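J.: What follows is a single structure, and I will ask about it in a moment.
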């Protein structure tokens, strides 16, 4: 496994891979890797000849400076995990390598609508930062496929739209959420939880299951369903942030013709903002 930190060396290897006709898969990450990331790697390995994992804590997508400062940087441990998985390349650039002129005046990629709704409304600039760094990685690495987790449901939808709108010839693969045995979705931010909070954390998934059962039973009183769910979360020790029930295919409000719903939930538990989602097939 080769660790690459500079753009010239990356471009050199990408040119060689292209000349050799290799099928390249990209797994973009911010490091602090867990089993959910490893599932992305496994999916990439199954679909390509060469796997490149990027590790870059992207300052452009953080809406709070304190969150950027305390985000875990675990490059050595991450590389050890990826080496065991027989990843071919790790691209781990410094911020100055990606944004040599700094963020001030930086050209960015924005995806209208999807970047400012739902999660984007509560985290201004976040999705603009995501689409910009992913676009830069696509331009640098020129992958045939790229793997993203379905845990970040809106992010995946945003990347798919960006790829379509910008005519990237890249297959976007969504990989299902990996959960702990108690149902908690794996996330780098779970590390912020205390031992006591970790016991409470699966409650978010349990509340989403309750919402799903109501939708499957035909209940469409969405505001009431959401209000009850928020109350349940608060009673469990969470601070409910946002719960939405949307059309899973468009992320717009549910209509009578919607075939699938997605429950999008975000809640604070101590210093950790946990997000999760669940898709539900609706009775027609």
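Each position is counted from 1, following the chain as shown.
Cβ coordinates are placed from backbone N, Cα and C, and glycine is handled just like the others.
Annotations for this protein, taken from Swiss-Prot, read as follows:
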- 30-37, 149-152, 178, 186-189: ATP binding site (BINDING)
- 37: active site, proton donor (ACT_SITE)
- 61, 155: (R)-pantoate binding site (BINDING)
- 61: beta-alanine binding site (BINDING)
J.: Which of the recorded positions 37, 61, 155 has its Cα closest in space to the Cα of residue 178 (ATP binding site)?
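T.: So, spelling it out, the nearest of the recorded positions is 37.
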J.: Taking the Cβ of residue 178 (ATP binding site) as the centre, count every other Cβ atom within 10 Å, in any protein chain shown.
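T.: 18, counting other Cβ atoms within 10 Å of residue 178 (ATP binding site).
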J.: Give the three-state DSSP assignment (helix, strand or coil) for residue 150 (ATP binding site).
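T.: Looking at the DSSP assignment, residue 150 (ATP binding site) belongs to neither helix nor strand, so coil.
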J.: Which of the three DSSP states, helix, strand or coil, fits residue 178 (ATP binding site)?
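T.: In the DSSP reduction, residue 178 (ATP binding site) maps to coil.
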J.: Using a Cβ cut-off under 8 Å and a sequence separation of 6 or more, which residues in the same chain sit near residue 30 (ATP binding site)?
T.: 55, 56, 57, 58, 71, 188
J.: Cα distance, residue 36 (ATP binding site) to residue 155 ((R)-pantoate binding site), nearest Å?
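T.: If we compare the Cα positions of residue 155 ((R)-pantoate binding site) and residue 36 (ATP binding site), the gap is 16 Å.
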J.: Return the count of C-beta atoms lying within 10 angstroms of the C-beta of residue 37 (active site, proton donor), excluding that atom itself.
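T.: That number is 26.
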J.: Kindly assign residue 30 (ATP binding site) to one of the three DSSP-derived states: helix, strand or coil.
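T.: Its secondary structure by DSSP: coil.
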J.: Which one of these binding-site residues, 61, 188, has the sparsest Cβ neighbourhood, judged by other Cβ atoms within 10 angstroms?
T.: 188
J.: Same-chain residues six or more away whose CB lies under 8 A from the CB of residue 150 (ATP binding site)?
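T.: When sequence neighbours closer than 6 are ignored, residue 150 (ATP binding site) has 156, 174, 175, 176, 177, 277 within Cβ distance under 8 Å.
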